[in-house]
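Database features, via Swiss-Prot:
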type    : residues                      : note
BINDING : Cys43, Cys46, Cys49, Cys161   : [4Fe-4S] cluster 1 binding site
BINDING : Cys53, Cys143, Cys146, Cys157 : [4Fe-4S] cluster 2 binding site
BINDING : Cys96, Cys116, Cys119, Cys122 : [4Fe-4S] cluster 4 binding site
DOMAIN  : 34-63                         : domain '4Fe-4S ferredoxin-type 1'
DOMAIN  : 75-106                        : domain '4Fe-4S ferredoxin-type 2'
DOMAIN  : 107-136                       : domain '4Fe-4S ferredoxin-type 3'
Amino acid sequence: MLISKTLIFYQVVNIVSQKGSGKRRWKMENGDRYVYVVDVSKCYGCLSCVAACAAENNVPVGYFRTWVERYAMNGRVAFVPKICNHCDNPSCVHACPVNATYKTEEGLVLIDDEICIGCGACIQACPYGARFRNPVKGTADKCTLCNHRIPERLPACVESCPTSARVYGKMSDKAVKEILSKKNAVVLKAYTGNEPHTYYVSLTGVE
């Protein structure tokens, strides 16, 4: 049972990077795709992921592409990392009036800054609160899973996690298959029909 919910705010100051602005694409083989898995039992709220994301993607201070929520449940505290779920049926894509938000064949949901008019329709449509209007660019912004780093490197949040609470890889990867097969993997807000492709394990009573 969910007792309380508190957002953990983490402010990163004077961290500047332009690494996350590319539109890089890579080719998948045999219909494989990338997925993101979070093991809540391994997260203790250190926020290394939040800081790494901000540095890698030049996220404005006070805004977040990834964040960590703290829940008190059944006498224990659970830290739950949140990001864009890169859904298979993304409501944000359907809501965009100019087709600036799109889904790639690799499974990512991305935003074309050159097309986005900053109307906010996609922000309102996202059931996960994963989008915001970038105050510098004036366009919608969100997690890209550091697509400019893949496949040579992992997303910054995954690479920086000291407990390996975040896992990112192809569905065919051994590590991903093992986690999804041995643990009770769930998605958030499945009832929305968005078909999210971010999976959580060791999670109970959190949306």
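Placement of Cβ uses the backbone N, Cα and C atoms for every residue, glycine included.
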What subset of the binding-site residues Cys43, Cys46, Cys49, Cys119 lies within 10 angstroms of Cys157 ([4Fe-4S] cluster 2 binding site) at the C-alpha level?
Cys49
Out of Cys96, Cys119, Cys146, which of these binding-site residues is nearest Cys43 ([4Fe-4S] cluster 1 binding site) by C-alpha distance?
Cys146
Near the domain '4Fe-4S ferredoxin-type 2' (75-106), which residues from the same chain, at least 6 beyond its ends, have a CB less than 8 A from one of its CBs?
8, 25-26, 28, 33-34, 36, 38, 40, 43-45, 49, 65-69, 112-113, 115-117, 119, 121-131, 139-140, 142-143, 145, 157, 165-166, 187-188, 192-198, 200, 203, 206
Of the binding-site residues Cys49, Cys53, Cys143, Cys146, which one sits closest to Cys96 ([4Fe-4S] cluster 4 binding site) when you measure Cα to Cα?
Cys143
Here's one to test understanding: among the binding-site residues Cys46, Cys49, Cys53, Cys143, Cys146, whose C-alpha is closest in space to the C-alpha of Cys116 ([4Fe-4S] cluster 4 binding site)?
Cys143
Tell me which of the binding-site residues Cys46, Cys119, Cys122, Cys161 ends up closest to Cys53 ([4Fe-4S] cluster 2 binding site) in space, Cα to Cα.
Cys161
Could you tell me which of these binding-site residues, Cys46, Cys53, Cys122, Cys146, has the fewest other Cβ atoms within 10 Å of its Cβ?
Cys46
Sorry to bug you, but what's the C-alpha spacing from Cys49 ([4Fe-4S] cluster 1 binding site) to Cys143 ([4Fe-4S] cluster 2 binding site), rounded to the closest Å?
12
On a simple 10 Å Cβ count over all chains shown, which one of the binding-site residues Cys49, Cys96, Cys116 is most densely packed?
Cys49
